[in-house]
Structures are given as C-alpha cells and as structure tokens.
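**Student:** My structure is below; once you've seen it, I'll send some questions.
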Amino acid sequence: MAVDPPKADPKGVVAVDPTANCGSGLKSREDQGAKAGGCCSSRDQVCRCLRANLLVLLTVAAAVAGVVLGLGVSAAGGAEALGHARFTAFAFPGELLLRLLEMIILPLVVCSLIGGAASLDPSALGRLGAWALLFFLVTTLLSSALGVALALALKPGAAFAAINSSVVDSSVHRAPTKEVLDSFLELLRNMFPSNLVSASAAFRIFATSYVSKDINTSGIHPCGACPQRSNATMDQPHCEMKMNILGLVVFAIVFGVALRKLGPEGELLIRFFNSFNDATMVLVSWIMWYAPIGILFLVAGKIVEMKDIRQLFIGLGKYIVCCLLGHAIHGLLVLPLIYFLFTRKNPYRFLWGIVTPLATAFGTSSSSATLPLMMKCVEEKNGVAKHISRFILPIGATVNMDGAALFQCVAAVFIAQLNGMSLDFVKIITILVTATASSVGAAGIPAGGVLTLAIILEAISLPVKDISLILAVDWLVDRSCTVLNVEGDAFGAGLLQSYVDRTKMPSSEPELIQVKNDVSLKPLPLATEEGNPLLKQCREPSGDSSATCEKESVM
C-alpha cells in the first residue's frame, strides 16, 4: 500500500506529522525521562513556583514579621525606650516607601485616566462608567448592611459601660463636629480644583473648620446700657496639604474625552500619555521590590508607636473583632460570590493575583498609595486590559470605600450601644444611607473614614466626643478597611473586563486603543529634492508598490 509523501507548506518546509512513529518515540522517551527524574522534576516545579511568586511571599512575610517585630519592641519598652532619634530611624524605611508611592500617584492617575478615557468611544465610556458606579454602590450598601447586622448581633458596646481613661491615647485629638451641608460642599469643591498647573494645587484639598468668634450685638444689658457680646461658631473653608485625587480624576476623564473628540489631531497627545504611563509602570515594578522592606517597618513602627496596646485590645477587643470579622466576610465571601456569579470564574485565583497589593494596602493604610501596584498586578496577573484597569481603578480608589462604610456602621452602632440608645428602623436606614453617601467623599488616605464618621453620628443625634475611642484603635481597623477597599476595586475591574469580553464592546476608532502597541513608529524617509516634508506616503497592507498615495500630514 502506497503512502502519501509528507506535504510541504508554501515556504517549502516539510510538515512533520505529530502522530508518526518518530513523534511517538520521542514522546515515550520524554515520559521515560520524566519517570526517571521525577524527584528532580517536582523539585524544579517547586523552585519555579517560588521564583514566580517570590514577591508575594516576601510581602506577606514582611507584614507578619512587622507585627512580630513591633510586639517585641513594644514589650521591651516601646518608643519611649528607643528615644525620639532611634524611633525616627526605626520607622524611616516605612516612611520612604510611602514617599515613593505617593511620588508616582500624580502622573499615574492623570496619564492612566486620560489614556483610558481617550481609548473608548463616548457610548462605551458611559456604559463602563455606569456599570462601575453601580457595582461600587451595590457593594458599599451590602458592606454597610453587613456592618450594622454584625454590630447588632455581637453588641460590641453593650459590655463597654465604663471605659478606663488609659484606654484613650492622650495624643488623640477629638474630631470636630461637621455639618452635612459643609461636607457636601467640600466634595463639590474638591471635584473642581481651582488650579491644576501649580505643583501644590494637586496636593491640596478643601476642608471646613469651625472657629468660635465673639460678635458684638446691639442691645441693652439688663444691668446697664452696654453692648452685648455673643459667641458664635462660624464655618471657615481652608486648604489642607493632602492629595486631591477626586479633582484629578474628574479633570483627567473630561480631558481624555476631549482628546477623543479631536480625532486624529489628538492621537499624538494620546500616545504621549500612554508612553508616560508605561514609563511610570516601569518605576512601579522597581518600587515593588522595595515594598517588603517598607511594609515591615511601617507595620512595626505603628505598633511600637502605640501606648499600652494590651489595654487597648482588652477594652475594645469586641469592637475590633466585629470590624475585622465583617471585613473578612465581605472580602472572602460576598465579593468573590458576586464575581463568580457574573463571570463563572474562580474568584480566589483572582485574589491570589493581587496578594501583593493587598499586603501593601495593609502596610501603607492608603488606597491611593496602593493604586500603582494594583494596576500592575491586575494587568499582568489577572488579564485585565490596560484601558479598563487604568480607567476604573483610579475611580474606585476615590469613590469605592466598602471597608470604610462597614467600619462606620459598626462604629455608629457601637457608640449608640455605649450610650444606651436604642436604634429603631428609621435610624438604621439613616445609618446605611449616610454611611454609603459619606464614604464616597472619604479621602483615600490613612484615617480618612474617621473624618466622615462624625456625619453619621450627627445624623442620628449621637455624641461626637466618643470618636476618640474609635481613634485609639483606628491604626489597626483602618488597615483592614484599606485592604477591603482595594480588593473591591480589583474585583470591579475584573467584572468590567468580563462584561467587555461578553459584549465585545465596539469602538469607533480601534486604533486609539493602546496606540503604543498597535501603531509602529517607523523612521522618516530620507528627504529628497522632489519630496515635500509635509507629505507622507501610505501603503496598502497588500504591499503593492503601485498602490501608493500621498496626503498632507495631520500631525
């Protein structure tokens, strides 16, 4: 029986049938080699796995080592035994990590949002933004409801009838009372910054302080004819040196949409911002290898700084457990369940891809500082497209505060139980709505959620002075809040990526999406006497030399 000769491809290379005898012989030899060196093969797989996840393991180990080191130094005398100079040197590596991360937040947020908004057509941009805001709103409401339910079930403030004065740190200042209207006006002021050119304006937010002033009023004093003096509290908006992420987000999105409207004329500027963003991500990859050292000393320094940490855990242990349990349930059950229901993918594999940003969030206690690492991990390890992650994650770092909303609800119920106040249905609904709304304007900075807790307490007529008890342990609870906040941002980006993959969202100009990868920059042709430098040649994809055209450059 004749056997057909092997066929050749157009390039003249003979194709080899993988089912031929030589292929089976090669496969059997490989199997024999694998069986002979099975131990070595498994050892190599373990080494490859460790090398691939080295940064994750180092970051988690650094966080655990920071807790152990901090407790050990506290047992040996703490910050007082070290002295001011030694404690400053002890905490300096952690401070350096924060400064490195904050250094690249400004270019990263601006460039990523401009590139992401410009890469999507207006209809797709609107749909993505609407779905993202809906996801953030639903998850924040769920976290608020979970916080209220846990606080009502565990009753953390019922057994806290008498508080020892040593529980409250003397260095903690009481948070001032803030009106709801002033908080809303602050949100609007920060959305529209007055100056983006000044270097300090981007790192400046508006805040309202209350100043007590004596006012002369006309009138007759009962004891004689003299003007009366009354004391009044007046609101006084001022600027604080904190990064105005909300203002940068609003400006960058609007500017990116404007570049999209320009069409080809704005393509060069879009490519500039994309290249700037890629260079910033290279800096992020370098900083990530310093993150374990910084996280170790950040966590250890904060524990050493606290006074009488044992008494704090004894007095407020039930409140801490309630907050941490709520964050664990929402982060390990609720968010993964939502992700699985909509994507049908393993959510815990997605979580493993963002372990490094989660550990960084625990160490830095700042959603904004974790943003660069989160962008890099969701793109490289979880397969989220750049124009989605760089558009959604900065918005999530500003408006998505699941952890803060849960903590605020637990704290409000805790203070209500502490003061013996019963919460009816109307007050519970008030707590849920106020916590969800106020968490949107909470700054992505350490202790940002505590600043908005006063709004909830004022809404249900609770004393604001009890916030000092919350501040005493906020250094721990706030880290758990930050981990949950950034986890919600990452799951939101993953859900939107799945939505885009299912719907195959069209774009009116696909070449604007990731211009750097799709448009190759070729060197300009040599100038000739007959050639016009303002003319460029366009060749058809077929490569036919006769099919050439000339048109005036749009650049």
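From the backbone N, Cα and C atoms, a Cβ is placed for every residue, glycine too.
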**Student:** Just checking the record here: does Swiss-Prot list F192 and V384 under the same topological domain, which would place them on the same side of the membrane?
**Tutor:** no
**Student:** Going by Swiss-Prot alone, which of N164, N216 is annotated as N-linked glycosylation site?
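**Tutor:** Cross-referencing N164, N216 with Swiss-Prot, N-linked glycosylation site lands on N164.
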**Student:** According to DSSP, which of helix, strand or coil covers N400 (Na(+) 1 binding site)?
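**Tutor:** In the DSSP reduction, N400 (Na(+) 1 binding site) maps to coil.
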**Student:** Express the predicted model's confidence over the topological domain 'Extracellular' (83-95) as a mean pLDDT, rounded to an integer.
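**Tutor:** Mean pLDDT, the topological domain 'Extracellular' (83-95): 89.
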**Student:** Which of 240-262, 388-414, 475-496 has the most Cβ pairs closer than 8 Å to the transmembrane segment (321-342)?
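**Tutor:** Most Cβ pairs under 8 Å with the transmembrane segment (321-342) come from 475-496.
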**Student:** Verify whether three or more Cβ pairs under 8 angstroms connect the transmembrane segment (53-82) with the transmembrane segment (272-299), leaving out any pair fewer than 6 apart in sequence.
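**Tutor:** Answer yes, regions in contact.
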**Student:** Taking the transmembrane segment (96-117) as the first stretch and the transmembrane segment (475-496) as the second, find out whether 3 or more Cβ pairs fall under 8 Å, excluding pairs closer than 6 in sequence.
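**Tutor:** By the criterion, they do not touch.
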**Student:** Report the listed stretch (240-262, 388-414, 475-496) having the maximum count of Cβ pairs within less than 8 Å of the transmembrane segment (132-154).
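**Tutor:** Looking only at 240-262, 388-414, 475-496, the most contacts with the transmembrane segment (132-154) come from 388-414.
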